[in-house]
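Heads up: the structure comes next, in structure tokens.
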Amino acid sequence: MTPGARLQAAIVVLDAWVAGMPVEQALTNWARSARYAGSGDRAAVRDHVYDIMRARGTCAALGGGETGRALAIGLLRMQGGDPAALFTGQGHAPDALSEAELAGGTEPAGTADVPGWTLPLLEARVGGELAPLLGAFRSRAPVYLRVNLRRIDLPGSVAALARDGVAAEPVAGAATALVVTSGARRIKSCTAYQDGLVELQDLSVQRAVRGIDWPEGRILDYCAGGGGKALAIADACGSQVFAHDANPGRMADLPPRAERAGVVIRTLDRAALARMGRFDAVLCDVPCSGSGTWRRDPEAKWRLTPERLAELERVQAAILAEAAPLVRPGGSLVYMTCSLFHAENEAQIARFCAQATGWQVAQTGCDTPLSASDGFFHAVLRAPEA
Ligand SMILES: C[S@@+](CC[C@H](N)C(=O)[O-])C[C@H]1O[C@@H](n2cnc3c(N)ncnc32)[C@H](O)[C@@H]1O
């Protein structure tokens, strides 16, 4: 496909998204209707769409509207290009620009690229660093890998990835992390990935998991999902790791991932969990707004509403209340979110401690996209001794 045809495909996908279709569904529908498109074409169309979702407000202002076409015009202007070079009407490229489209728009304030109501919430986290944070949200996030140190060291993993065409390098100050510098789209077909020597995992998550002093004994990942945190914990300590999720179907990938990594993680449904007694540590990696990961998932920021945030806060508080009785006296309750908002983080911890007697906050930390790859909060609470 020509660059113009790829842009026209992105316009089709964006029109469906603006009309309310989830972006992944819109991309799949387009790919099914465009069997001629190769993997490079599909990747380029996806990149256009995601770049626009990250900077939707800027693209709309520079392109003069919220249609797929206007957003694509705005993207080219934002990137310093001339839209007329691709909007030619030749072949499968978008039609040539009208007089009004040629006139262009003006660059808005950087605050246009997140929902306005979230600005005070983000500012409360980063203070005077709001402009750099919003700038980071407009850029693509680097890809990070967690090296499975039980199986291989950092130099060995870099060499193994290089053999399959993926270039990566260690990250200063992070024991397990590699940042991928080229070939990211090949990772899942690499031998090093398929053999469990490396896992895809954001830097901020790796820093949080490695920064916690996990107790010896039994650790429960109470909201395990696909098991990213459970696998990182199993790699970081010698304790027995168990996994539970209210929706057990979400744990379907966990057994093959654990086998690949060479660790044992037992999944527990509700009945099995009830027979297990208490744990030395229970992790609650709760559902959240994802506001720390908006550059990886820019659709999420446009979907979030104040009502949805309030609902998430209720779910988070309920999960903490459910999980706390599973911690043995003197054990740890670990709370994690990929949110930057105080309401989902410090305020949840403060509310829990005000309602449950004798719990102590042992540790808290919050990375932002300015300090690591993504925003990620963690808190360790110590249960009262019996
Ligand atoms: C942020 S995701 C977890 C991601 C996962 N820990 C990982 O690293 O891949 C939150 C998970 O919490 C689960 N969940 C929601 N409500 C729950 C509840 N009351 N009890 C246990 N799990 C719950 C959801 O099904 C979802 O899989």
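Count begins at 1; order follows the chain as displayed.
Using the three backbone atoms N, Cα and C, a Cβ is placed for every residue, glycine included.
Straight from TrEMBL, the features:
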type: ACT_SITE; residues: CYS338; note: active site, nucleophile
type: BINDING; residues: ASP245, ASP269, ASP285; note: S-adenosyl-L-methionine binding site
type: DOMAIN; residues: 133-386; note: domain 'SAM-dependent MTase RsmB/NOP-type'
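Between the CA atoms of ASP245 (S-adenosyl-L-methionine binding site) and the residue listed as 'active site, nucleophile' there is a gap of 18 Å.
The CA atom of the residue listed as 'active site, nucleophile' is located 9 Å away from the CA atom of ASP285 (S-adenosyl-L-methionine binding site). Around the Cβ of ASP245 (S-adenosyl-L-methionine binding site), the number of neighbouring Cβ atoms within 10 Å comes to 20.
Closeness to ligand 1 is met by ASP245, ASP285, these being the binding-site residues among ASP245, ASP269, ASP285 whose Cβ falls under 6 Å from the molecule.
Annotation for ASP269 (S-adenosyl-L-methionine binding site): same-chain Cβ neighbours under 8 Å, separated by at least 6 residues, are HIS244, PRO248. Listed in sequence order, ASP221, CYS223, ALA224, GLY225, LYS229, MET336, THR337 are the same-chain residues at least 6 apart in sequence whose CB falls under 8 Å from the CB of ASP285 (S-adenosyl-L-methionine binding site). CYS338 (active site, nucleophile) carries neither a helix nor a strand DSSP state and counts as coil. Per-residue confidence over the domain 'SAM-dependent MTase RsmB/NOP-type' (133-386) averages out at a pLDDT of 96.
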